[in-house]
């Protein structure tokens, strides 16, 4: 890992821009500003860069991504940055049978076959109608201003659960959407605004993109390399172990003070940390009341990401499974194969999210390991899963400088009341972070977009670019070509359950 500065020296440091947070968003902002000739200082609270990407290494696992890891088609900004940094991808293994273990019934088959979840024809119609309706509704939601959707007030007044109860006729369909919400947002349907769900679907270009194509590829060597390589380019401009405690805006300059007392005098500041963590910074003058109200209503998701390693990939070699499974029993809500592309270090990555994460949060690591292995043995109906050679996890709920993951979630009424406040600058302070992205919010791609947008807002404030140049469309990547969103063709002509009845 590259060597960066750590906080300690108390002399005031003069710079053009201070960036708070050395995750992908903050570092992409700093990289763009640095390339235009501005002096930047990036202040990171942790003793590492990467933010919500976190790659660890061990002789029994090689590298392991314990945070954000996946890159999919259409995520052109992170693909472009990866190419600039000479990073490579590999396709996640999906060959073999997927497994569904819902309502006590074990099924296996093609991931594309709806009967993997149920063989009840009414339930299949119910699922089709639900997913098609969400996709169609999302097309009415502008990703940059979801609170301006024609039915924004109506959709933001209900939770996803209330929408399910209104639209779904079968219990398995409700369970399916509940598991999708738990997997993607790491919360329960009753916690999430239906408008916020639709905004997320719109942001990713369709439900099909969000639930499948966004998880197609991973970085060879781990996703934290994105931040490490940018930080290496910036050198001692990245300062670790320096949590920001105070941001004071004066008439001409802004003073940023870290926990150690080190001060940085800058013309502009970019905050690239999760919105809820802004409460830990004292702003002078205080943040606007509406922005404070907004960030009070943006809790992070509940997730523990687990990696379980085995001597061989027996689920694939002997049983014909891909390693992909979804279950309503817990603790793991969803899992996938995480074996390295050369076949080394056979592993399953498991996501313990939402209610399941809260249930096991206070367990020891060893207890969670045992629970995960027993879960795999039950879901795949194979006792060999009880004998791992290595296990590693990261409890994002207990991560002081993230507070959860993968992103913030909004309940009913928040978007329509406060949504316009999220990315709005405050004086000389600008806001990045994946939560503020227009496209692929919550993903690494959204982090790149938000960081570069905040940097260009500063360049515009300095008179270096026009206002029209702040937002820039990203050309499609040739490395991982874009594909259309969720394929809804003849399925949209199938009747819903009430229409059939």
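In case you wondered, yes, glycine gets a Cβ from its N, Cα and C as well.
Listed by TrEMBL as binding FAD are 25, 44, 45, 244; the candidate from 421, 435, 457 that the record includes in that site is 435. For residue 45 (FAD binding site), the count of additional Cβ atoms within 10 Å of its Cβ stands at 22 [all protein chains shown]. Taking a C-beta cut-off of under 8 Å and a sequence gap of six or more, residue 25 (FAD binding site) has these contacts in its own chain: 51, 272, 432, 433, 434, 447, 448, 450, 451, 454. DSSP assigns residue 244 (FAD binding site) to a strand in the three-state reduction. Its Cβ placed at the centre, residue 435 (FAD binding site) has 25 other Cβ atoms within 10 Å. The closest partner of residue 351 (substrate binding site) among the binding-site residues, by CA position, is 435; the full candidate set was 45, 244, 435.
Across 25, 44, 45, 244, 435, which the record gives as binding FAD, the greatest C-alpha separation is 20 Å. Under the DSSP three-state reduction, residue 44 (FAD binding site) is assigned to coil, being neither helix nor strand.
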